[in-house]
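So the structure is just underneath, and the comments pick up after that.
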């Protein structure tokens, strides 16, 4: 032990008395930090600056007509993109776009084709054509840019989908609304017809009275018949208007039935989302229970995230329930009610889960330990939600699609009934009118007139009574009111619902401030390894004098370790206070950096101390493998199988993971596991040296001597 510290003291003395060495060591302490800092700064927020990536957009859409309204989805898409800063959209003509992509002025181009709108609305016809957006990318300019522009193209496709659904559904709902308002406005006309006919009914009663009492009956009957005939044109005109309107409603319902069935997949998607997230939240509550039992500091964040997810689920479920309830009112008694009942049950259970999580949240914030029974109850409730949504999802065709078709069929049936009744009324009016006309013509011959009227007027009166009865059925029908309620709607609200039925609420667990913060653990760990490599390249691991191998190893090792710890201190403090990286636990970040440096120093120093120049080569090879195989940049799951297999055996893997805990928030089991594995690497490095340094140094002595004789290596 005495010789170990003697070697270390001699090293410190040499450093303090040699200015050239001091300058070199200062450079060795700072240079690795510069490597990390430049890379972190360059990676600070690349995805926040994608608005500088130029993408040409060409709109050749000629537009189309939907429900007698002009529609140009291309124009709407351009308007959307003008307020979208995800990429640097440049709105140019086709020729300029083509030339710009070829020369590299634009990274990519997107062309909206001439028949874009026409093909989009073809979904409402039998001859369906998919709309196309032509995406051209110059992959030569940059390796990453095409991936970003690909995402931009996907964003446009999503916006097109939303714009189309919103525009088409807005047109549908607008026409429906117009029909509903028109039908509602014309409903009083039916009442007016009914009242007019009732008034006519009263005049027939007067005819009966005159026939029984008056000698001048024919002249009075003639006058009454003329009055009745005067009412007929207005009644006939109103009936024709009502029939035409009812036919319009029927035709529209038939035309939109197929397109409105697109609602069903949207509902299915909502149900699937509720199912998936409820399962995720139930699992999250299990993690929360573990965090509470073990006193982890992330429990408040966990409960906040779970509460927000349940609140979002409740919002989706409530909107879905309201929407289905409105549809069901069109045709009460359809099997859609079963689905509504199930979703209302989901709402009830989600409300219960939300209330319970709110109590847990309050208890944790007050420093109290929540009841495990309460938490387990939340899991049970969420599992119930999962079962209900599973049932709805698996029986989607029978519980959703079939009732939607039934609703539209019911609306069409109501329209058919109204048309049938009104057409019957229209057929009967000429017959009544003819009878009245004959009565007027016969008024000169009193006896003939009276005989004719006694015979025919009851027939006309009977037809009129039936007509009044039929109109009363239509006018008083609840189904007519339901049809009007369905047709009248909040156009914007409903079209927006179809455009974006689900609002994604992102809850970031262990959030990173930016991409630079996310990359800090990788570049910091990388610079610590590079720092030790630089030390072993410029400083020797051997000591002159008669010392035992282990004394040389630990004595010179203390010198290497001191410089390595200084490197770690500079880079970690600089990350936080020079670059301004957002680190949730700064003190732990600095301590972990020092600890990782200690481990890396012993690994690299041990390899070089035992194997000499071969050890340096081994350290470089390890560096190369670890850069690709540690999962520091890309998820390890997307790398080739070789790197996935070696990942668990690389020191970088655990060093990066440990620093991520300090940067984003500590999950104690993960951090503890990382530290244990790093300590294992440290122990292996020390054992390797203690057992093998002497024997292997002797074995390699001849090899090393021959290398030195070459005059190309250090002596």
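Note: Cβ is positioned from N, Cα and C throughout, glycine not excepted.
In TrEMBL, annotation is done automatically, which means it is predicted and not curated.
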TrEMBL lists transmembrane segment for one of the ranges 20-38, 39-57; which is that range?
20-38
Annotated transmembrane segment segment (source TrEMBL; candidates 502-521, 522-541):
522-541
Would you mind telling me which of 675-692, 693-710 TrEMBL tags as transmembrane segment?
675-692
Using DSSP, break the domain 'ABC-2 type transporter transmembrane' (21-159) down into helix, strand and coil residues and give each count.
72 helix, 26 strand, 41 coil
